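Presented below is the structure to which this report refers.
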């Protein structure tokens, strides 16, 4: 089962020759979560080899243009392609009026099965085959919510213990589903033949200034996708605009115990994005990925 | 003075790997007329080396997404860049609600000086340094207007006659402005030393099925930019959808007496657009340009 982030764009407010507007598709087994489709997301999806039908859920952090102007194209494409499944869309409730404008931005034969799920407050927004999707309010001039996708914790079967207890073949499945199984004339419980397995976690944090909510969203995340608009030399500008520096993004990752840190949403001031990675490296010991257009970034393998 | 069409995209409803959504900037001396900005127009402008401040006027033929979903990005960029001049925007009056949604699609600090000029009916929509902008209703499932930009006819000075009449230096300017000047003790009129010079004409025709309005818009145009969504083998589909085949676009150009024909707005069915040019060539003797992303197509020199 494939779990990876497909980067559609890495620009912030202003696109550049190298950077398309912001946008991300998280492939999570058979699910596809589209985050913050900026202008051009429809074509970037195509260039990434993804189809509208791959989208099973949309999450919008806030209604600044670089995070949502790709929505009309996505909705119209879902419709044109007659994507049969319902696509829930999460967005700050305070921006409901913008969602309506974007959904009905121009003439089209609306067949998209969009289910509106306004985010009213922090907490769990949905549960499903992807696990639990929760949101927390960030710190930005307009209301902005970060998202956290968490697979339920499970258990990892231990082959040597299964063998020792004589559990084999279809009995393994029964044990996983039911929690116990009779093997060799004895009741064997799941705990005896398995160990705890932490569910995978992906966090998506943008746009925001430094705040505790960002750390809580990212707590123990396997993959953290986070805005890194500025550098520490522009810290005052970042604070004023409600954005993070690469160093701050890295410190959030460190405090939260993140494994793989993905930096994105770069200011046009820095055409070479490697500077963000270099700054972050001084503040985070884990793996740092400086996002690039159309890159595929794997969720790290389970611990 | 530079007069050229900058092609931002050549796709129709659906973008492809090679084709960005529809969009065109007509550079006309110091004016910049943006036609039908589809999604991604903001970044395509950047890739073409044009700035938001180059836009002095916007013309929208109709409110299907591929002709207008780039508007929010353009408006927000005009605002962000604090473009000081007023930008009139022409659009079908029946789509006024869509215009409002696109203008106010997301949070931004609105400083754009957009002047709304709804097109209510056929006729002259504006006059200015570019000449006369007129519109005509086309034939499409939603109301669609084509545009025609016509420079006033003028007069071309004839150096040998100026010399024969002794008109020289600053007197030439006086003659052009006033219509007469005294030279060599005699009143010389403009007619005596010049010949008629036809104003240049550019026509922009999309989306439409075959109709007389398309021919009238294109009458004697130096440059005709016209949709050529399908091929003659798909004529039934074209008629049903209110689109043109390449052969029809070429016959419109022939009937109208066009000089340079620009084909664009291609269906994804035809990844290689050269087929449109080949089909058109059998129906039009003038110059045919098959539009490509970021191409610059000159308005032909004056006759």
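Positions of Cβ are set from backbone N, Cα and C atoms, glycine also.
TrEMBL does not curate its annotations; it predicts them automatically.
Residues A:62, A:64, A:207 are given by TrEMBL as Zn(2+) 1 binders; from A:140, A:283, that same site also lists A:140. The Zn(2+) 2 site in TrEMBL is built from A:66, A:67, A:207 plus one of A:165, A:265, namely A:265. Listed in chain order, the residues near the Zn(2+) 2 site other than A:66, A:67, A:207, A:265 are A:12, A:13, A:22, A:36, A:38, A:61, A:62, A:64, A:206, A:227, each with its Cβ within 8 Å of the site Cβ centroid. Rounded to a whole value, the Cα-Cα separation of residue A:140 (Zn(2+) 1 binding site) and residue A:67 (Zn(2+) 2 binding site) is 13 Å. DSSP classifies residue A:67 (Zn(2+) 2 binding site) as helix under the three-state reduction. Same-chain residues at least 6 positions away in sequence with a Cβ under 8 Å from that of residue A:207 (Zn(2+) 1 binding site) are, in sequence order, A:61, A:62, A:64, A:67, A:138, A:140, A:144, A:227, A:229, A:242, A:243, A:265. Applying an under-8 Å Cβ distance to chain B, the recorded positions A:64, A:66, A:140, A:207, A:265 reduce to A:64.
Of the listed binding-site residues, namely A:64, A:140, the sparsest CB environment within 10 A is found at A:140. Across all of the domain 'Metallo-beta-lactamase' (A:19-114), the predicted model scores a mean pLDDT of 97.
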